[in-house]
Every structure is written in C-alpha cells, then in structure tokens.
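I have placed the structure first, in the form of structure tokens, so that the comments after it can refer back to it.
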Amino acid sequence: MFTGISMFTTAVRQAFKMTPNVVFVLGGPGAGKGTQCQKIVEHFGYVHLSAGDLLREERNKPGSQYGELIETYIKEGKIVPVEITCSLLERAIEESGKKNFLVDGFPRNQNNLDGWNKVMADKVNLQFVLFFDCPLEICTARILKRGATSGRVDDNIESLKKRFNTYSTETKPIIEHYAKQNLVKTIDATRPAEEVYKEVESLFRKGAGDK
Ligand SMILES: Nc1ncnc2c1ncn2[C@@H]1O[C@H](COP(=O)(O)OP(=O)(O)O)[C@@H](O)[C@H]1O
Ligand SMILES: O=c1ccn([C@@H]2O[C@H](COP(=O)(O)OP(=O)(O)O)[C@@H](O)[C@H]2O)c(=O)[nH]1
Ligand SMILES: [Mg+2]
C-alpha cells in the first residue's frame with residue numbers, strides 16, 4: 001500500500017535532510033497517552049498520530065476492506081496485524097510533510113515491532129520512547145469514566161480486562177526491549193494531568209531525544 005507515494009517522498013525527504021523524528025508513546029489503556037500528546041502538540045509542535053485513532057478512522061470509512069477486522073480486534077483488545085497499522089502511520093507521516101511525530105499507542109507487540117523495523121525504521125529517526133507508567137487500578141477508573149462519554153466499543157470492563165492482558169503480555173516486553181537500548185523515558189502517570197505534563201515538558205525542553 002502507498003508504496004509509490006512513499007518512495008518518492010522518502011527520496012525527497014532524504015534530499016532535503018528532512019528525516020522525520022519519531023517519539024513512540026506507550027503505556028497501559030487509560031495511562032494518559034492521548035492527553036499528554038495533546039499538550040506536547042500545543043507546546044512543541046509535534047504531530048500527534050494515535051495508532052488507535054487511525055484504526056478507528058479506517059474502520060469508519062464506508063467500504064473499508066479492514067473495517068470489520070479492526071472492529072473485532074479493538075473489541076477483543078487484540079492487536080491489529082502490523083501491515084494495516086503501519087501503512088496508516090506511514091501514509092499519515094508522508095502526507096503531513098512535517099518533521100516531528102508522536103506515534104501514540106504503537107508498537108504494541110512483537111509483530112508491530114518487526115513490521116515497523118522492516119518498513120519504517122530506516123526512514124525515520126526514533127528519538128525515544130515515552131512510557132506513561134500507571135497501575136491497573138488507576139487506569140481502570142479512568143477508562144470506565146471515559147467510557148461514559150467516549151462511545152468507544154472497548155471502554156467497558158469486559159474489553160478492558162482483555163486490553164490489560166494484551167498490554168502486560170505483549171506490550172510490556174516491547175517497552176523492555178527499548179529499555180535495554182536506553183531509549184525509554186519513564187513518567188509517573190498517576191498524578192493529575194497538569195503535574196504529569198510538567199515532567200513531560202522538562203523532558204522535551206531538555207531535548208531528551210536529540211542525538
Ligand atoms: N493524569 C490524569 N489524571 C486523571 N485523569 C486523566 C489523566 N490523564 C488522562 N486522564 C483521563 O483519563 C482518560 C484516559 O486518558 P487518555 O489520555 O485517553 O489515555 P490513553 O490514551 O493512555 O488511553 C481520559 O478520560 C482522560 O481525560
Ligand atoms: O497499534 C495499534 C494501536 C491500537 N490498536 C487497537 O486499538 C485499540 C485501542 O487503542 P488506543 O491506543 O486508542 O487505546 P488507548 O490505550 O489509548 O486507550 C487497542 O486496544 C487495539 O485493539 C492496535 O491494534 N494496534
Ligand atoms: Mg489513547
């Protein structure tokens with residue numbers, strides 16, 4: 001998918017030394033990834049790409065060939081095959097023409113990581129991994145509260161149990177993988193959003209990912 005466009009834009013980006021910078025944003029469901037990303041966008045001009053939002057958008061497109069699959073995976077708290085998610089991310093990066101990206105909620109398992117490494121790793125500069133650390137009880141309370149108004153098919157206790165299970169068995173090892181490479185910046189996400197953001201802000205001010 002999108003190979004023609006992407007080969008061209010990758011070549012143009014390389015010619016102008018516009019290699020995109022990427023920060024992966026990870027953490028359990030309800031840890032506050034989306035909330036903090038919004039604040040980073042406001043203050044630091046990053047483009048926020050939520051893998052979950054891109055998948056929901058694709059699901060909602062009339063006639064999408066992946067609509068049903070995405071719906072089922074989201075409800076079951078399972079991770080959609082990487083070819084779909086990675087194509088959506090790649091297209092969003094290329095179409096934006098911008099330089100700095102927050103990739104929120106990805107990579108969530110080994111399949112995601114392998115697919116990204118195969119297609120994208122050489123085209124972008126991974127700055128660091130921002131990890132919002134938050135215990136299950138606090139995440140649960142936040143998600144159930146969000147569920148009252150979000151309209152999301154997975155913001156309910158049954159889906160949430162499955163999402164937590166996926167998070168601890170599949171996503172945690174990915175965070176550990178990046179931790180071994182010293183790429184993970186861990187933030188205590190249990191405090192009020194404004195306080196969490198103070199720490200996030202100082203990280204970005206210091207240019208945490210500049211290499
Ligand atoms: N630090 C925080 N304290 C309390 N509630 C929060 C905090 N951060 C986010 N929330 C709320 O919790 C819910 C989940 O936040 P969200 O940013 O969507 O998390 P995620 O993207 O990690 O699932 C939202 O309703 C949000 O308003
Ligand atoms: O790379 C991704 C990101 C999300 N999802 C699916 O989308 C759901 C919701 O993800 P989102 O990041 O929106 O949830 P959050 O953690 O922010 O509550 C996940 O449980 C998965 O089923 C996925 O399959 N691959
Ligand atoms: Mg989110």
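The backbone N, Cα and C atoms fix where each Cβ goes, glycine too.
TrEMBL lists GLY30, ALA31, GLY32, LYS33, GLY34, THR35, ARG146, ARG191 with the feature ATP binding site. Taken from TrEMBL, the feature region 'NMPbind' applies to 50-80. As annotated by TrEMBL, ribonucleoside 5'-phosphate binding site applies to ARG56, LYS78, ILE79, VAL80, GLY105, PHE106, PRO107, ARG108, ARG152, ARG163. TrEMBL lists ASN112 with the feature CMP binding site. Residues annotated as region 'LID' in TrEMBL: 145-155.
Feature map: annotations from TrEMBL on the structure.
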{"residue": "GLY32", "record": "ATP binding site", "contacts (Cβ under 8 Å, 6+ apart)": "PHE132, CYS134, ARG142, ALA189, ALA193, VAL196"}
{"residue": "LYS33", "record": "ATP binding site", "contacts (Cβ under 8 Å, 6+ apart)": "VAL25, LEU26, GLY27, SER50, ASP104, GLY105, PHE132"}
{"residue": "GLY34", "record": "ATP binding site", "contacts (Cβ under 8 Å, 6+ apart)": "HIS48, SER50, ASP104"}
{"residue": "ARG56", "record": "ribonucleoside 5'-phosphate binding site", "contacts (Cβ under 8 Å, 6+ apart)": "ILE70, ILE74, ARG152"}
{"residue": "ILE79", "record": "ribonucleoside 5'-phosphate binding site", "contacts (Cβ under 8 Å, 6+ apart)": "TYR73, ARG108, ASN109, ASN111, ASN112, THR166, GLU170"}
{"residue": "PRO107", "record": "ribonucleoside 5'-phosphate binding site", "contacts (Cβ under 8 Å, 6+ apart)": "PHE24, VAL82, LEU113, GLY115, TRP116, ILE174"}
{"residue": "ARG146", "record": "ATP binding site", "contacts (Cβ under 8 Å, 6+ apart)": "GLY30, ARG152, ASP155"}
{"residue": "ARG191", "record": "ATP binding site", "contacts (Cβ under 8 Å, 6+ apart)": "none"}
Work out, from DSSP, the number of helix, strand and coil residues along the region 'NMPbind' (50-80).
19 helix, 1 strand, 11 coil
So which binding-site residues out of LYS33, ILE79, PRO107, ASN112, ARG152 are up against ligand 1, CB under 6 A?
LYS33
Other C-beta atoms that fall within 10 angstroms of the C-beta of THR35 (ATP binding site):
15
Can you give me the average pLDDT across the region 'LID' (145-155), rounded to a whole number?
98
With respect to ligand 2, which members of the binding-site residues ALA31, ILE79, GLY105 satisfy a Cβ distance under 6 angstroms to one of its atoms?
ILE79, GLY105
Counting every protein chain present, what is the number of Cβ atoms, excluding its own, within 10 Å of the Cβ of ALA31 (ATP binding site)?
25
Among GLY32, LYS33, GLY34, THR35, ARG56, which binding-site residues lie by ligand 3, judged by Cβ under 6 Å to any atom?
LYS33, GLY34
